[in-house]
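Note sheet for the following structure.
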Amino acid sequence: MAPIKLGFLIIFALAITTTSADDDDDQPLCSDFYEKSCPQALPTIKRVVEEALHQEKRIGASLLRLHFHDCFVHGCDASILLDSTPEFQSEKFAIPNNNSIRGFEVVDRIKWAVDEVCGAPVVSCADILAVAARDSVVGSWEVLLGRRDSTSAYIDEANRDIPPPFLDLPQLVTNFGNKGLDVNDLVVLSGGHTIGFSQCTSFRDHIYNDSNIDPGFRRQLQELCPQSGGDANLFPLDATPAVTDTNYFSNIIAEKGLLHSDQELFNSTETKHLVTFYSHNLEAFAKAFAISMVKMGNIMPLTGESGQIRHNCRVVN
């Protein structure tokens, strides 16, 4: 089944400017950054993402997760894509990422195709992640562009700042708040779990130790995820893992949230209200998701003369 179009409302972020790639340092992100330097950049990213989705529906969630895990560590600077060097250890080996984060080969294909159509490496890997995340959920919001790429990776920050699936609600609120994201952003961006799968290691504690879980759902999961072994076994984050819909929120109401952190969203009056509201309002969820994605994409970007445009997303120039 093809994914339902999530961002069918085009969301224009506030304070979009017409800054070009030739302006001074500290320039704001803008939607038309590559309009002159490479007008075919965004259509090319979209084409390669669509090809990847056709080959494997699961890759959409992986690309979305790559952007999220990138932005939560030292800002949206593509540091997550860097391989280890003698100077630093790759974020790919951080606890939240190791043997879990994926989609790097798709990013490589996008980078090659974009550089080919542009005639030079003018599009940053950080911008590729932001656009690919939008296209992976078949969204239509305007991605703000102009990020540049980090020249280092930050594994210690990755271990500290990427929210693990066992956080309780106050910890989640604090974690997102530290990145300038509010409670609505927390609920809406968690709704990205409407697509994709999770490994047994991420939900084992929830199904064996928590009480706020539907008994039948618990038994179903325990058959797939024993108390020992089967760590890499996969289970969908909701019943329609290839479709962008509101089932994720409905599952939480029914105490069928796969992760402890998912079900925690039903533990306060404010978040319970948001979960309930989005569970029966796809249009509102689509609009809010787009706004929160743009907001997340603005976390500490490198712009102007900061960082670089990597020739290979895996290594510093």
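The backbone N, Cα and C atoms fix where each Cβ goes, and this holds for glycine too.
Any TrEMBL annotation is an automated prediction that lacks curation.
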Choose one of Cys125, Cys200, Cys225: the cysteine that TrEMBL connects to Cys313 by a disulfide bond.
Cys125
Whole-number answer please: how many Å between the C-alpha atoms of Cys76 (disulfide bond) and Thr240 (Ca(2+) 2 binding site)?
29
Among the binding-site residues listed here, Ser79, Thr194, Thr240, whose Cβ has the fewest other Cβ atoms inside 10 Å?
Thr240
From the recorded positions Arg65, His69, His193, Cys225, pick the residue whose C-alpha lies nearest to the C-alpha of Gly75 (Ca(2+) 1 binding site).
His69
Shell list (Ca(2+) 2; ref centroid = CB of Thr194, Asp238, Thr240, Asp245; cutoff 8 A):
Ile195, Leu237, Ala239, Pro241, Val243, Thr244, Thr246, Asn247, Tyr248
10 Å Cα neighbourhood of Cys125 (disulfide bond): matching binding-site residues from Asp77, Ser79, Glu91, Thr194, Thr240:
Asp77, Ser79
